[in-house]
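Asks: Quick paste of what TrEMBL says about this protein:
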type	residues	note
BINDING	Asp109, Gly174, Tyr329	substrate binding site
BINDING	Asp201, His203, Asp290	divalent metal cation binding site
COMPBIAS	430-443	compositional bias 'Basic and acidic residues'
DOMAIN	32-343	domain 'Histone deacetylase'
REGION	416-466	region 'Disordered'
Amino acid sequence: MALNNTSLLYIQCLTRHVFAGDVGSVYFGENHPMKPHRLCMTHHLVLSYELHKKMEIYVLQRPHKAYPVELAQFHSADYIDFLHRITPHTEHSSKENELGMLKYNLGGDCPVFENLFEFCQIYAGGTLGKFDFFVVNHDDMDNYAARRLNNQLCDIAINWAGGLHHAKKCSASGFCYINDLVLGILELLKHHARVLYIDIDVHHGDGVEEAFYYTDRVMTVSFHKYGDKFFPGTGDVKEIGEREGKHYAINVPLKDGIDDSSFTRLFKIILGKVVEIYRPGAIVLQCGADSLAGDRLGCFNLSIEGHAECVKFVKKFNLPLLVTGGGGYTKENVARCWTVETGVLLDSELPNEIPDNDYIKYFGPEYVLKIPDGTRENFNSKSYLSAIKVQVMESLRHIQHAPGVQMHEVPPDFYIPDFDEDVQNPNERVNQHTKDKHIQRDDEYYEGDNDNGPNNAGNISVRKFS
């Protein structure tokens, strides 16, 4: 269903008051590249541009924490239980806990830190749409985020704290513990026959793809770096889904150095055809900012304008839209990007000069929104990109008259496809890249909190995990 008038829900997974689960104050540990503090910076930058005044709905306080039973709508109950009770003080307190750490892939790039489970409950609650307190210019105060989209009470919902796309059904992965995106999509499937998931993070959206690999109810489209043992090692163009989901997983594997013109051209051609053929009822867009030029863990040349152009293009489909964050490890550029994209979703062009705010010092010495284009060599030749486009279009041709596209029934609550665990474990679907499961770039872990890019390469501390 297309929407005529844009109303936007902005989810602030922060609060003016200090509380244990504030996602912006979470600390993954010394040398870890994930800095949730980037969310505080984003929020204050959004406020400094007064974008909140242009929103129909603006959430002032923290989302209500998602209940364990809600998280278990996708994740296994035993994994949720372990994540709930493990702490930094107990992870090595018993043989059972040590075995659990290994079983659920905790430790290393997915460390156990203080208030870990509450952190997961809050960012997942934001994507699901559960809030304790909010300001709204409607009398109705029932369902928000995915739930508000379902009830056609808003057109766009944003949760920059969400987008943790690597988490698997039974384990953590790639800095991600709970896959809020899968949970949000399951919520949308209550009211929409088909949901389109789009991922522009530099890393493959493997967790979301795996969750819906066997169904035509969700189409996943991921644009990402692939090859050179880049994490997570999946996302080949040949990975297209299986059984009822065959041809409903679209992967666009890219090489180092792709620039704005190449990326946005391919993005628009593929997504235009996807929406034309698949006709989704709602869209979920993961806006990982590690695809920006200069990102600590990235390898693309995208400017903020190029990244935001993808958001602008998706908005034009005029469908219910859930937008999340994702990766992004040069935190001042993450804040710049997500602020610009909040403006895009509000049809507001922002002045390049950054207004004064509590984090203004992080944006010096230029204090501007725009960042220079990347200078990496672009290894994505015209012939390579053309070949990828041809393969994607051929896969889409197979679904042009697929029964799933014609389905009109609204599915039951918390729908997710069944699979035979004796035949195939969804966490082990792509066995050709098993050896890459724990790959990290050599510059992934570094000393200190200064993550301002390659100029600090001298501070890199390499850590490998088995």
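From the backbone N, Cα and C atoms, a Cβ is placed for every residue, glycine too.
TrEMBL: automatically predicted annotations, no manual curation.
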Asks: So around the divalent metal cation site, Asp201, His203, Asp290 aside, which residues have their CB within 8 A of the centroid of those CB atoms?
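Replies: Nearby residues not in the site list: Val202, His224, Lys225, Gly288, Ser291, Leu297, Gly298, Gly326, Gly327, Gly328.
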Asks: Distance between Asp109 (substrate binding site) and His203 (divalent metal cation binding site) at the Cα atoms, whole Å?
Replies: 15
Asks: Just how many other Cβ atoms lie inside 10 Å of the Cβ on Tyr329 (substrate binding site)?
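Replies: For Tyr329 (substrate binding site), the count of other Cβ atoms within 10 Å is 24.
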Asks: Looking at the binding-site residues Asp201, His203, Asp290, which has the shortest Cα distance to Gly174 (substrate binding site)?
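Replies: Smallest Cα separation from Gly174 (substrate binding site) among Asp201, His203, Asp290: His203.
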Asks: Can you tell me how far the Cα of His203 (divalent metal cation binding site) sits from the Cα of Tyr329 (substrate binding site), in Å?
Replies: 12
